[in-house]
Amino acid sequence: MGMSKSTSCFGYPLSIFFIVVNEFCERFSYYGMRAILILYFTNFIGWDDNLSTAIYHTFVALCYLTPILGALIADSWLGKFKTIVSLSIIYTIGQVVISISSINDLTDHNHDGTPDSIPTHVALSVIGLALIALGTGGIKPCVSAFGGDQFEEGQEKQRNRFFSIFYLAINAGSLISTIITPMLRVQQCGIHSIQACYPLAFGVPAALMAVSLIVFIIGSGMYKKFQPQGNIMAKVVKCIGFAIKNRFRHRSKTFPKREHWLDWAKEKYDERLISQIKMVTRVMFLYIPLPMFWALFDQQGSRWTLQATTMSGKIGSIEIQPDQMQTVNAILIVIMVPIFDAVLYPLIAKCGLNFTSLRRMTVGMFLASMAFVAAAIVQVEIDKTLPVFPNGNEVQIKVLNVGNDNMTISLPEKMVTLGPMSQTDDFMTFDADKLASINISSAGSPVTAVTQDFKQGHRSTLLVWAPNHYRVITDGLNKKPEKGENGIRFVNTFTDPINVTVSGKVYEDVTSYNASEYQFFPSGVKSFTINSPEISTQCPRDFSFYLGFGSAYTFVINRKDDGCPEVKEFEDIAPNTVNMALQIPQYFLITCGEVVFSVTGLKSSYSQAPSNMKTVVQASWLLMVAVGNIIVLIVAGAGQFPKQWAEYILFAALLLVVCVIFAIMARFYTYINPAEIEAQSDEDEKKKSLEKSNPYMTSGPMSQTQM
């Protein structure tokens, strides 16, 4: 057992401090690595978005499937302490391997700034990720259960408080690392060629993992360590199998019924094991509805972040990028857990309400479902502001007059007259097959027919500058720019080609009366420089403009009378207007849901599980998270909803149904104290063995009534 009476501090075992710090460092390490993983895949290895996302989700799912492995090792072979140490070592090695895989100079023998042998990097990073998944998953159920083990009987209050602090450490670690790691990535480093510093961004998590391991080992002398009790899982499976077989053998009416289907294993297995398995099966049965909660919860990183890209991040004087909204969840957790623990729960108890853990979890599900209703309401608001893009058989046309005369354009069922340097207010939608004749005319000139084709399912700009001069340009923007960025393109009205540089991106050789492709920029003030042999050096060539979120503009570079350039801006897609602050209510609701659901689930998974299977039950709690992730992949893949809000409402409705089912199941659940039941079966065992050794104890009818 080691030192059984552990030193205590504020009524808590001192060893808890080491476990919480260990968890903080481990989560920092994991989330820090995860925060930049997708960018590492796309920017460094060069996979496309879909492949990167698929690999990323596979990795996350793996991290939630490996806990079962860790639990088996801990409960049946090495014990929790040794499992945590050995898997942490594997984990640290994994982090180091992925840091090495991101060193460009590893294979960049010709020093041109790109790796010569991508497969080497891919192989290393896959090995690294596999080791990390094994490590992080394997120690997850062990660390929380090991922490619970440090408390004596009758320290329930402290132990429950520990699970809250533990949850706080998880979120503090993830919060700080999600903020810090991206900052490390944008640092520049390299031996032969300077570029984004992935080795540093992966290296800091690796170092923290090593710190986490060292902290954990330092506390070694203080821990209460329980010996693993043989291969418990195999026993459980055999016992359940035997009970079912035995029940099936005795299915005829002649055999008396037994109270519980597991009682059919009595012939072969002892009471204690059977009562322990009963505890586990009762908890597992309660777990069946839980993945639905996680299915909603885990969409914060995907769907909600995408929703944020269609919103404006200007909150007061600060600007928030869409992917920073996820930190709201972690910030709120750090605030809400103490409030719930210290204020809300005691208040509810004072009012005389018995807020049991299953009721808390039901409330948590309800709150998460309401969060999705809130998300749907926000989505409806956003949809009102979104531009309409053409369907497959439609064409959208905008006319932009960059000449010096009034031009009249006749379109099917429409006449448009534009003054010099002006455009139609918005895109006009036509059926592709009905686009018969489009004519351009201006005062005192013959009519010109437009013969160039318009691409179906796309937006096009009809550029006109003189009676018989026009050009059809396919815009190439079929949706709002991604990640809340802004599309910019330039139209040149000089005769020579022009180069434009905008914040480090170059538009090369924009030819006369033509438009460049769009390039994309995040929000903020951007400055650009125009270069052309035609423009004299005395002319001002530096211009600047402000960008919001999710807009697109065409800048026409026009020649003034003195031969210097001037720039006119035309809006192609309006910037986002719905404020990102509107997402705060849905984040608030789902975070409150998480506090009452997840923290409570962790506690009761520990308190309702028998002593030798606490890790296994923790692991199955984590398995529910993995199943939730899989549900999202299925629902999002199967039902392509025309409207995003409809998908949110569907998820909310599904969770509400599950919530009602769970509430009914919870009504019929009775709480137990595993320690008492185990003590009781030990007593019974003792009595039985005494009776066997001393048959004279049970004499006469007296003892029959006592039994």
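Cβ coordinates come from backbone N, Cα and C, glycine included.
Annotated in TrEMBL:
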TRANSMEM  28-47  transmembrane segment
TRANSMEM  53-72  transmembrane segment
TRANSMEM  84-103  transmembrane segment
TRANSMEM  123-143  transmembrane segment
TRANSMEM  164-184  transmembrane segment
TRANSMEM  204-223  transmembrane segment
TRANSMEM  279-297  transmembrane segment
TRANSMEM  330-349  transmembrane segment
TRANSMEM  361-380  transmembrane segment
TRANSMEM  621-641  transmembrane segment
TRANSMEM  648-669  transmembrane segment
REGION    682-707  region 'Disordered'
COMPBIAS  695-707  compositional bias 'Polar residues'
Highest Cβ pair tally under 8 Å against the transmembrane segment (164-184), stretches 28-47, 53-72, 279-297, 361-380, lands on 28-47
Any chance the transmembrane segment (279-297) and the transmembrane segment (648-669) are in contact, meaning at least three CB pairs closer than 8 A with a sequence separation of 6+?
yes
Counting Cβ pairs closer than 8 Å, which of 53-72, 204-223, 361-380 has the most of them with the transmembrane segment (28-47)?
204-223
When you scan the chain for residues with a C-beta under 8 Å from the transmembrane segment (361-380), skipping those not six or more beyond its ends, what do you find?
292-293, 296-297, 303-304, 307, 578, 582-583, 585-587, 589-590, 592-598, 600-601, 643-646, 648-649, 651-653, 655-656, 658-659, 662-663, 666
